[in-house]
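**Student:** Below: one structure in structure tokens.
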């Protein structure tokens, strides 16, 4: 009996622990099970929201690409139509640049309808004028900050219009895409941006396309002059963008709208004397006001304004790379219009030059860390293959072990 009592006593104590421990584990498990569904649903809802936001941003970007390319194609083609009855490129450039005054009113109207902020136009204008400094916009700052940008803006448009008088819309739009390569070179030299070998290759491709375009009709005549004018327009546009990034890189959408409207006022006040000088010196023959094609002029200025609004707004609302793709798609758009409507015959040299410039433009769109991204992707692919290979080896080893065990079980009786 003493032996039995010694054996039974530990069992009774152990049985109480066994009985109590499952209940505690069951309570903890029920709590954990009650918490996990909520966390899983919240994580799933967050992932769905992020996926929906990304999808909407991509769809909006694709729509923005279509609008940008169509507005730029329309602008270029309307310029060609305007030149048939009104060949005054500087007046057209000046008249279109005056429409930049509408940037800030359009921004303020959209801002009032989309937000609950109730600010007067003057209050919003003063708030956005902090771009010029803490004291706001003064006459000195107005001239000092706006004059260089307005001059570069006018030169870009004027040289682009002069190039359209010498070349087809396809050639000019393709040559204008070289501004992306010039922006990289200037940013590398002036802003000390990161050096990238692939972008140097893209710049070389752009220069090669320019030389091929100039060689298409020989290095003489209107073709060579048109190529030089288009390259000059791309160069001034690149300088404008680099300066804008240098001085106004951290500006928000309201400040950008304020600055572009200010440029429109500067153009209207200070550059209005240039069309008058060209008129009295008979460089540009304007004619009477009634004979001027106001429909073409207003349509051209409106399309140009829409293009600039979409470019500046699209950078904020969607991915900047899609805005660049929209500009690039204007090249095949203009080519389609030239071939179908104007019956332009594209030579093989011009087609090869256009493709070379477009290829360089696409290379410039690669992100700065594109090489590391590709290396990570290849490393992940290699890891997955190694894991699959390891799983296959483990499966084969398990099969061989099971076969050996089966063979061993059969040989036991023989032993």
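Every residue gets a Cβ built from N, Cα and C, even glycine.
In case it's useful when we look at the structure, here is the feature table from TrEMBL:
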- 12-24: compositional bias 'Polar residues' (COMPBIAS)
- 61-214: domain 'EamA' (DOMAIN)
- 1-47: region 'Disordered' (REGION)
- 389-415: region 'Disordered' (REGION)
- 58-79: transmembrane segment (TRANSMEM)
- 91-110: transmembrane segment (TRANSMEM)
- 142-161: transmembrane segment (TRANSMEM)
- 173-191: transmembrane segment (TRANSMEM)
- 198-218: transmembrane segment (TRANSMEM)
- 224-244: transmembrane segment (TRANSMEM)
- 256-281: transmembrane segment (TRANSMEM)
- 301-323: transmembrane segment (TRANSMEM)
- 344-366: transmembrane segment (TRANSMEM)
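So where do these features actually land, and what's packed around them?
**Tutor:** Within its own chain, the transmembrane segment (58-79) is flanked in space by residues 92, 161, 164, 169, 172-173, 296, 299-300, 303-304, 306-307, 310-311, 314, 317-319, 322-323, 325-327, 329-330, 333-334, 337, which lie at least six positions past its ends and keep a Cβ under 8 Å from the stretch.
Through the fold, the transmembrane segment (198-218) approaches residues 171, 174-175, 177-178, 180-181, 184-185, 224, 227-228, 231, 347, 349-350, 352-354, 356-357, 359-364, 366, 370 of its own chain, all at least 6 residues removed from its boundaries and within a Cβ separation under 8 Å.
Residues 148-149, 152-153, 155-157, 159-160, 162-163, 165-167, 171-172, 175-180, 182-183, 185-187, 190-191, 210, 213-214, 217-218 of the same chain sit 6 or more residues outside the transmembrane segment (224-244) yet have a Cβ under 8 Å from a Cβ within it.
Long-range contacts of the transmembrane segment (256-281) within the same chain, counting only residues at least 6 positions beyond its ends with a Cβ under 8 Å from a Cβ of the stretch, are 88, 90-91, 94, 97-108, 125, 128-129, 131, 137, 142-143, 146-147, 149-150, 153-154, 248, 308, 312.
Long-range neighbours of the transmembrane segment (301-323) within the same chain, counting only residues 6 or more positions beyond its ends whose Cβ lies under 8 Å from a Cβ of the stretch, are 57-58, 60-62, 64-65, 67-68, 71-72, 74-75, 78, 95-96, 98-100, 102-103, 106, 252-253, 256-257, 260, 365.
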**Student:** Using a Cβ cut-off under 8 Å, which residues of the same chain at least 6 positions beyond either end of the transmembrane segment (344-366) come close to it?
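**Tutor:** Result: 168, 170-171, 174-175, 177-178, 180-181, 184, 196, 198-199, 201-206, 208-210, 212-213, 215-216, 321, 324-325, 328, 331, 335, 338.
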